[in-house]
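Encoded as structure tokens, the structure appears first; notes follow it.
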């Protein structure tokens, strides 16, 4: 059964944890969907893990559309949420509506995710919801603000914690159906989760959120360096490297396929 934003709210009320991961292509998306993942985020992190950029900032709306279309072909049941890339929504609510509308028209994403909780963004969230576009919020560490805030944990002072709490409450009031809490203290995430009626999805925010999300490349150990809050369940980078090296060695030593029976008669 296809999952919708309404299911996430029901699960929060029932105390059922929400399981989310990121995807950037058909192969990963189909594996996640078959494994029963609830929410697949086509995150702008794909700029780094799939396209090799040092940050998420270079990603374009056209890039996002391309990858969402690949992901949707692999998902039958998971809720697909797409990030809106940097500067596709920050300039004005009208630009945000056009960007989100274009993305949802040509893909099967059911919602978009926006970073931050400043007043102008709250107006944008409200306007998007008014025209029928579901919005997921994102507070704490916001990668699109990396040049201003860096990648360090957010909410380390009482004032910063209050600001993040206020942003989360304001995003709920503006109509967001869920909020990602990234790299903030566990206690702050638990407090926000208790105060909101919409689900919180944590990444580096402790165990007390309504759900959890990781970048799948981190989960699988594909990235050269691991974020401090992201456990690797495999070392797939090493496994792939070993397989490729073995293949290369067999080809160079003329051992590749030598153990296979001949399938063709020699030419006369």
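Heads up, the Cβ atoms here are built off N, Cα and C, so glycines get one too.
Taken straight from Swiss-Prot:
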BINDING   44, 83, 115  Mg(2+) binding site
BINDING   44, 45, 83, 113  3-methyl-2-oxobutanoate binding site
ACT_SITE  182  active site, proton acceptor
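Over all protein chains present, the Cβ of residue 113 (3-methyl-2-oxobutanoate binding site) has 23 other Cβ atoms lying within 10 Å.
Non-local contacts of the residue listed as 'active site, proton acceptor' by the CB criterion (under 8 A, 6+ apart in sequence, same chain) comprise 138, 139, 140, 141, 142, 154, 202, 203, 204, 205. Comparing Cβ neighbour counts within 10 Å across the binding-site residues 44, 83, 115, the minimum falls on 115.
Cα-Cα distance from residue 113 (3-methyl-2-oxobutanoate binding site) to residue 83 (Mg(2+) binding site): 5 Å (rounded to the nearest whole number). Summarising the environment of residue 45 (3-methyl-2-oxobutanoate binding site), the number of other Cβ atoms within 10 Å of its Cβ, over all protein chains shown, is 21.
Cβ atoms within 8 Å of the centroid of the Cβ atoms of 44, 45, 83, 113 (the 3-methyl-2-oxobutanoate site) belong to the same-chain residues 22, 41, 42, 43, 46, 56, 82, 84, 85, 143, site residues excluded. Looking at residue 83 (Mg(2+) binding site) and residue 45 (3-methyl-2-oxobutanoate binding site), their Cα atoms lie 9 Å from each other.
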